[in-house]
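Annotated in TrEMBL:
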REGION    1-34  region 'Disordered'
COMPBIAS  13-29  compositional bias 'Basic and acidic residues'
DOMAIN    50-103  domain 'RNA polymerase sigma-70 region 2'
DOMAIN    158-210  domain 'RNA polymerase sigma factor 70 region 4 type 2'
DOMAIN    232-324  domain 'DUF6596'
REGION    438-467  region 'Disordered'
Amino acid sequence: MTTRGPRAVPGPDRSRREYVHPSEHERAASTRSSVEAAHRAHWGSVLASTLALTRDLDLAEDSAQEAFSHALTSWADEGVPANPGGWLATVARRRALDTMRRSETLQRKLPLLIWSEDTAPGAGGGTGARTGAGVEGEADARIQDEEHPVVLDEQLRLIFLAAHPALAPESRIALTLRLVRGVPTADIAAAFLVSESTMAARLTRAKKRIRVSRIPCRVPGPGEIDARVVDVLDVLSVLLATGGDPNGEPGEGAPASDAAVRILETLHRLLPGHTEIHGLLAQALAQRARESTRFDAARRPVALAEQDRSRWDRDLLDRADALVLDGLARGGRGPYLLQGAIAAAVAVPDESQEVDWAEVLELYDVLLVHWPTAIVRLGRAVALAELEGPLAALAALEPLAETLDAHRHFHVIRGELLQRAGRDDEAAAPFRTALQRRGGPGDTAVLEGRMQQLGSAPWSPTGGPAG
């Protein structure tokens with residue numbers, strides 16, 4: 001009589017496979033989930049802490065990555081530690097120190113990143129490097145146990161380094177995603193519509209520029225902090241709007257947008273009195289509050305007026321509103337705070353009919369004083385349409401036609417205003433033009449549907465009407 005047990009599983013190659021109990025698969029999946037959550041929450045702080053020890057970006061990155069890889073096996077065997085971030089930072093610093101010892105970098109000076117407390121170049125021969133004894137002593141002080149906190153100043157250094165104005169705008173975005181949030185190079189490449197090797201080379205050049213140009217890894221002083229924070233916010237604003245692709249459309253690249261929100265949360269925690277951070281974080285929270293209604297089941301964008309406000313996250317909206325009110329009470333009137341105020345004024349009311357469009361229009365007028373751009377004027381025209389009607393808004397759009405001709409959104413808004421004005425015969429043209437401009441597939445599907453409703457054939461990539 002043959003005894004059947006777990007190993008008696010039919011299959012031609014059963015004898016060459018070791019049976020794994022389902023609980024082992026579950027444990028592995030649970031561990032991976034925990035490590036992924038820790039990566040999202042702690043990558044930036046782990047890298048910042050390690051960089052403070054090594055002052056070498058590549059070594060710090062490699063060591064941080066090794067720490068997360070080690071967690072996959074260690075946590076599976078021993079369980080997730082009580083303080084995952086502290087555990088990871090400790091492992092990363094130890095790995096980095098081991099590498100430095102093996103390569104004998106502790107016995108000689110190296111042209112590493114300049115720290116704010118380093119001797120300035122030209123003064124006493126300072127190069128940003130330290131002697132081996134100094135690094136050993138600091139390592140002994142910093143690597144004690146996994147409860148050692150990551151100094152918040154170190155995270156700020158990393159954020160300001162990645163978004164330094166000496167770097168090209170696209171490099172700032174890519175470097176911020178890679179260093180501050182740990183987004184894989186392949187994912188960053190996909191957001192920029194380039195190959196992984198191209199993006200890897202771009203990141204390498206950016207890090208080389210930091211070393212060669214002697215860009216200091218430090219928190220800006222009182223005289224420059226405001227301007228440098230705006231540099232960071234400019235990068236995060238692009239990530240929020242496009243998900244990482246500077247030429248993209250809203251709704252693409254959610255991981256990059258999530259990364260931007262997390263960085264903003266960190267900045268707000270570290271610099272709680274900076275009102276421009278209040279503003280951009282308020283915008284981000286207002287957008288996130290609407291996430292479940294911004295797209296339909298086919299990932300086609302849903303117009304704001306057609307979204308179900310009862311499904312919006314009221315807690316996020318309340319927090320956005322509180323951030324704006326606090327920023328205004330502190331005397332803030334910067335462009336990001338004003339944009340946050342506009343976002344809150346439109347999103348916080350329970351019903352679309354309750355939006356105070358006169359207040360929104362007034363906020364746009366104040367914003368134009370600080371930021372007189374065509375995009376801001378486009379937003380003002382939308383508010384004007386709600387207050388004075390589509391004809392007034394169409395008149396406000398006319399001076400923007402040439403400047404915003406390459407922007408799909410401009411033509412969509414113009415077509416919608418013409419429809420609202422009862423001029424359907426004229427609305428088809430701007431919708432057709434919008435289809436010729438770059439945009440997401442969801443937007444394209446919506447536009448094609450509107451063209452069909454108007455009885456007009458949509459534009460075809462071959463040069464003429466489709467169909």
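Cβ atoms are placed via backbone N, Cα and C, with glycine included.
TrEMBL entries are annotated by machine, without manual review.
The average pLDDT for the domain 'RNA polymerase sigma-70 region 2' (50-103) in the predicted structure is 92.
Under DSSP, the residues of the domain 'RNA polymerase sigma factor 70 region 4 type 2' (158-210) split into helix, strand and coil as follows: 41 helix, 0 strand, 12 coil. Here the domain 'RNA polymerase sigma-70 region 2' (50-103) has, by DSSP, the following mix of helix, strand and coil residues: 46 helix, 0 strand, 8 coil. Residue counts of the domain 'DUF6596' (232-324) by helix, strand and coil are 63 helix, 2 strand, 28 coil (DSSP-based).
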